[in-house]
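K.L.:
Handing you a structure now.
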Amino acid sequence: MSTSSSSRLYGSIQLRRNRGLAGLYLVVAAFLVLYALLFPGILSIGGFSKFTQNWFPLALVTMAQALLMLNGGITLAIGPLVSLGAVIAATTMEGALGVPGGILAVSLAGLSIGAVIGAIVTYLRLPAIIVTLAGSFIIGGVALILLPRPGGFIPDWLSTMLAGHTPVAFLLLVVILLLWKAFLATPLGLGIYAAGDNPVGAFRSGVPVERVKVAAFALSGLLAALTGLFVAAQTGSGDPVIGTPFTLNSIAAAVLGGVGFLGGKGTMRGAICGSLLLSVMINVMFFLGFPPVAQYVAQGLIIVGAVAVPELLGQWRARR
Amino acid sequence: MTEERPLLEARQVFRGFFGNPVLKGVDIALLPGRVHALLGENGAGKSTLINLLSGALQPDGGSILVDGKPVGRFSPAAARAAGIAVVQQELSLTASLSIAENIGLGAFPRRFGFIDYRALHRGVSDVCDMVGLTEPLDMPVADLALGRRQMVEIAKALFRKPRVLILDEPTSSLSAHEAGILARLIETLKDRGTALLYISHRLNEVQALCSHVTVLKDGLVTADQSLSGIDGEGLVRLMVGRETGDLFPPRSVTAPGAMRINVEGFSAGMVRDIDFSARAGEIVGIGGLVGQGQEDLLLGLYGAIPAAASRAEVSGKPALPAHVGEANAAGIVYVPADRKHEGLVLPHSIASNLILPSLGRLASRGLRDRPAENGLVADLARRLTIKGDTARPVQALSGGNQQKVALAKWLPLDPSVLLLNDPTRGVDIETKREIYLMLRAFAAEGRLVILASSDTPELVHLCDRVVVLREGRVAAALSQDEISEGAIVGAAMGITAMTQGEAA
């Protein structure tokens, strides 16, 4: 056995979790190289900043989705939560508490809505897909009541900071990923995996499965609402329906990243790569002048392929 | 022996599921330094008792005591805090996490709120040494074979430094070598004063390791005594024997008719290379512990799973049915054990469930024939004494009456062979009697009834012949006077001497 110190145990566990992702890393790298060849602008600070700003919201909502999928759930309320986050940001930042108050309001809204949805799913034992579908209508409706048409106010300096010519968004993503790593090194964080893969076993092992589930929904809500804040800063105003495409894109990106639907299978790093891949693909097709319809079709085919190829490879290996 | 205080105790615990009592006032006391065996047939309530003792379930009545003091609301976390650990039969592991993380799960050493991987590494290395796990601790559990996962499960229990260790069938997936390690481990723990509860169907292990036994039967304790001086036959005797009253109809006296099923070298699923034959007018029971291939035998004969035989004759045809449609056409029907999922469409009415298999036959020119259907439903409801409105949804019926519907729907096809998988599981005693009468009547009409059952008295008193499966092979084939609870349980557990001893 090679592990002799604690950091080695933690480190080697982390290394092992890359297993099975090599193919994905290669594909992502290939797409990035292709992108850089097509659009060398990405290699400048400004180009890199713009590129990561385009990717950042998708990365965040993919984390919000993957968090729940790893826990054996799913959410269809991502998009409306993004919209609500944008609307709240755009309506509170001109208030007395300014930008900090706005960030606080968005965070609290995301956390509490997520926790309520999680509590309903967990304690009433209702299917997550139905509860979050219902939740998505309600949240979307509330966003439209708060701000019936795009508007509100986002300070210019915030827009410039988050979506200007500096890679602040990328640095924020790094910070969020580090926070996720730290969270995964707590009993609660690992509990998300355990409760997703084998809920009965986790419960019998003493994992507070119900609390873990509610926490997962709350964190997911927080991430989605903060995505809304970023999107509002990016566009300079609150738009009550801007989040809509994120619901299905978050699922697509998580699936591309190898996160399974049945819980416990997959990794957050895979999901992040999935979101990067999806983001690059959308950009490449857009810049190559694909008509939007063709983009959607291609996107769908690529996602089905991404799920089918490992499956077919596995069957092929099993036959040999 | 000194009078020691039990570390963990259950007093007069009751527990039921969906109105079905499983434990009816059970006492058990685990003393330090003693290996206590818990025995009982399938469905006797062993797993439920373990779940109560480990906080995974709450008792409906009675109390759980730790160190002589009753505990209030018991949870798995509270049980762990009290020093109780369980090696589950169904593993509690998370496939994508590493061995180390799995062992620590629910009991992680912490530092500033984070998992202390250094302390985890130390503790996990210790317990892995104890159970002989040499795999790298960072390896995901998904990469381990079943037996190794079981060892991880055992290491996980040890990691909690238990004062009370409950082992639920720990050896069922272990190799002989691993089982030997476990046996030595149990000796060590016993000497250290750990209280152990050992559940196993392998009676030789029980005899070798345990010094005290509690026997459960139908949710009641039928024996709570020292094991000294009791041999394998004595253990089996403790587990069987009960008043059957007039639950069962008398056996038929007529000789069985023509050969309906005769297979040689038959394999399907778990079933490996067995010979099996049955004649018209017989009720043939398939016995054995849970999951020894009983269901696969039935499904293989029904054409529902791939099956092969070196020679086969089924309902006059020289081959096994290739698929379910062919089996149905040959007059073979199957009633699954899981009637809620496989046997019935629960939200639909009794009537529509009853006519489902006959829909095609009753239709004329592609259209449903309502009058014929109604007549059929009325006839079936009368024959099966299904009371009340047949327009009610099936899920409104009791388990027993649901089973009657699941059986009755096949009758219009006039089946010559009925394959029944545990038809009386979760069925109340009155309906059981009705079902037994029905099956007897089927046999008397010249049909062949093949019945897999986890209920030993049912095999003994209802069946003309009993085939006991063990690990996919025939452990015993008993007929008429040879059939006894002792013989069936003995064969199911691999004690062959019992087949003569108890029957005489």
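Glycine is treated like the rest: Cβ placed from N, Cα and C.
Annotations for this protein, taken from TrEMBL, read as follows:
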TRANSMEM  A:20-43  transmembrane segment
TRANSMEM  A:55-82  transmembrane segment
TRANSMEM  A:102-121  transmembrane segment
TRANSMEM  A:128-148  transmembrane segment
TRANSMEM  A:168-193  transmembrane segment
TRANSMEM  A:214-234  transmembrane segment
TRANSMEM  A:246-264  transmembrane segment
TRANSMEM  A:271-290  transmembrane segment
TRANSMEM  A:296-314  transmembrane segment
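Are these features on the surface or tucked inside, and what touches them?
P.N.:
Same-chain residues lying 6+ beyond the ends of the transmembrane segment (A:20-43) with a Cβ under 8 Å from its Cβ atoms: 51, 256-258, 267, 269-270, 273-274, 276-277, 280-281, 283-284, 287-288, 310.
Proximity of distant same-chain residues to the transmembrane segment (A:55-82), defined by a Cβ-Cβ separation under 8 Å and at least 6 residues beyond the stretch ends, is recorded for 110, 113-114, 117, 121, 128-129, 132-133, 135-137, 139-140, 143, 169-170, 172-173, 176, 180, 192-193, 195-197, 199, 212-213, 216-217, 219-221, 223-228, 230-231, 234, 242-247, 249-251, 253-254, 257, 259-266, 268, 271-272, 274-276, 278-280.
Residues of the same chain lying 6 or more positions beyond the ends of the transmembrane segment (A:102-121) and with a Cβ under 8 Å from any Cβ of it are 73, 75, 77, 81, 84-85, 88-89, 92-93, 95, 127-128, 131-132, 135, 139, 213-226, 228-229.
For the transmembrane segment (A:168-193), the residues of the chain that approach it from at least six positions outside its boundaries are 10, 48-49, 52-53, 56, 59-60, 63, 67, 70-71, 161-162, 202, 207-209, 211-212, 215-216, 219, 223, 230, 264, 268, 272, judged by C-beta separation under 8 angstroms.
Sequence-distant contacts of the transmembrane segment (A:214-234), counting only residues of its own chain at least 6 positions beyond either end whose CB sits under 8 Å from a CB of the stretch, comprise 53, 56-57, 60-61, 63-65, 67-68, 71, 73, 75, 77-78, 81-90, 102-103, 106-107, 109-115, 117-119, 121-122, 152, 154, 158-159, 161-163, 169, 176, 183, 188, 192, 242-243, 246.
Through the fold, the transmembrane segment (A:246-264) approaches residues 20-21, 24, 57-58, 61-62, 64-66, 69-74, 76-80, 82, 136, 193-199, 224, 227, 270-275, 277-278, 299, 302-303, 306-307, 310 of its own chain, all at least 6 residues removed from its boundaries and within a Cβ separation under 8 Å.
Residues 23, 252, 255-256, 258, 278, 281-282, 285, 290 of the same chain sit 6 or more residues outside the transmembrane segment (A:296-314) yet have a Cβ under 8 Å from a Cβ within it.
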